[in-house]
Each structure stands twice: as structure tokens, then as C-alpha cells.
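Undergrad: What TrEMBL lists as divalent metal cation 1 binding site is 39, 41, 127, 242. For 168, 192, the entry in TrEMBL reads divalent metal cation 2 binding site. Per TrEMBL, the feature compositional bias 'Basic and acidic residues' maps to 9-28. Under the heading region 'Disordered', TrEMBL lists 1-33.
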């Protein structure tokens, strides 16, 4: 990642409700600390250079979000994520090919992902998994069978590296569970942007897997997810923005960034009956444990590009 070499967000990053770039960004929430954004996309939020990364995380830190995990969905963003994590000690990376991009998992791509995954700033293999919503709707989207093959390969990569598996699951509860059973789940499994119901939550909790909640839990129509959220033990809970998408209520549809995470945590507090402070402490402790984050922050390094 170098100044002037801007990575454009690919079209298939668009979720069901993409952020409206015409709308203004949400105001800063009241600070809530400590928080760790377990899944975001700093590049899709507009970060290009090291200075951009520093500024975005400085903003988040000003409201209590002291660390972030920036997540890849293709090789370009994987390279960028590792570079961003090398540029700022508050940033960590996750690398993988998004299930909709599973056709791109060539031998060359596998080799490069293996190299990137071994980087000490990479704390998870993701996002990978299954997406049964986009096939037939998105041009070029990988078919379910190809997605399953790629998912299985990423599971094996997580096992070999000893790093958590970060799962993207859209409309694919039974299929994701089937692949995890067939391949054997790695030691740590994270369901990013968990959006399923209480039945699925119970199955995941019983396996000891981690459920990460995003702004979707605050949406008025997310009753089933809200019921599921009440079941998640503190030690199996993460919180995330998935920025620039899924901005929490009442700012849904506006551009999201890591600084917006306190909105989600306070909404979750109302839903679960737990205090926001308790949720912040618990989710941060979970993130530190699952991502093996060293608590003491070193000085910022010079910005580097992974070759």
C-alpha cells in the first residue's frame, strides 16, 4: 500500500443495503471503552495510505475503540490489510477469499494466501464460508459447490496456521455446519456478523464457537437475531462494525466506520439486559483471547508494503 495507489472497493462488496455516500456520517457516539472492532474493512471505508489508517483508528480510539481487525475479501485487499496492520500496531489483519470470489482461489492464490496468513500481524483466516444469497443474483459469483471447496481449503489453512477461522455465512446455516463437520472445525471458529436465529446460536454456542454481532442486531426487523443475542455467553461474544456496511440504528444507511461501534454495543445492552460497560469489557477480553492480541501496544512502525 503506497500513497496514490488507491484500491477501489469491488462491486460485489455491496451488501443488501449499501451505505449511502451522500448521507453524512453519524455523529461521534459517547465514548465506551475498552472496545475492539473484530471485523471491519478499512480500505472500503476509504483508507489508502498509512496516514489514512492512523487517522481512522485515531478517530475510533477517541470513542473507546482501541483496536480493529481489518478483513480481506480478495488477494488485493489481503495484501492491503497486512500492510495496514504493519503500519499501525492498533490494527490487525485477517486474510482469505470471500466465498463469492471462490473462483479466484487458484494455485497461485493459495500460495500467496499461505504466505500472507503466516505474517505475525494476521490474526485470523477470513472472511471465508458460504454465501447462498448471491449466486444467481450477482454476475460472476461462485457457485455453491466451488464455495464449499474454497471453504474447506480455508479451514485447512486455519488448522495449519493455528489461527481462528472467520466465517461469512449468508442463508447457509445448515451447509456451513455440514462443511465444518465434514472437514473438522479448527480450534477457534468465529461467525462474523452472526445473523441467524436462536436455534443456530445454540448449536454454535454448544460447540464453543464465537459469535460476532454487528449493527444488524440493532435493526428493528431483527427480532430473531435479537433473541439469539440474549443467549450468547460473555466469553463467546465479539462485536464488530463490518464497516463501511451495516451502520447501526438509528443511522442505518449512512457510511459506517469503526468509531460507530459504541452504538451497536449500547443497542446490544438494551436487548440483552447487560450493561454496555460489561459488554465492552467482555467482548474485548474475548477478542484478546481468540486473536491472541498482546495487550501492550508497541510504537507505530513505518508503513510497509508486503511483497
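Every residue gets a Cβ built from N, Cα and C, even glycine.
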Undergrad: Between the Cα atoms of residue 41 (divalent metal cation 1 binding site) and residue 168 (divalent metal cation 2 binding site), find the distance and write it as a whole number of Å.
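TA: Residue 41 (divalent metal cation 1 binding site) and residue 168 (divalent metal cation 2 binding site) have their Cα atoms 14 Å apart.
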Undergrad: CA-CA, which of the binding-site residues 39, 127, 242 lies nearest residue 168 (divalent metal cation 2 binding site)?
TA: 127
Undergrad: If one measures from the C-alpha of residue 192 (divalent metal cation 2 binding site) to the C-alpha of residue 242 (divalent metal cation 1 binding site), what distance in angstrom results, rounded to a whole number?
TA: 9
Undergrad: Hey, for the divalent metal cation 1 site built from 39, 41, 127, 242, who else sits with CB inside 8 A of the CB center?
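TA: So the additional residues around the site are 40, 71, 73, 192, 193, 240, 241, 243, 245.
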Undergrad: I want to verify one value. Collapsing DSSP to three states, which class is residue 168 (divalent metal cation 2 binding site)?
TA: strand
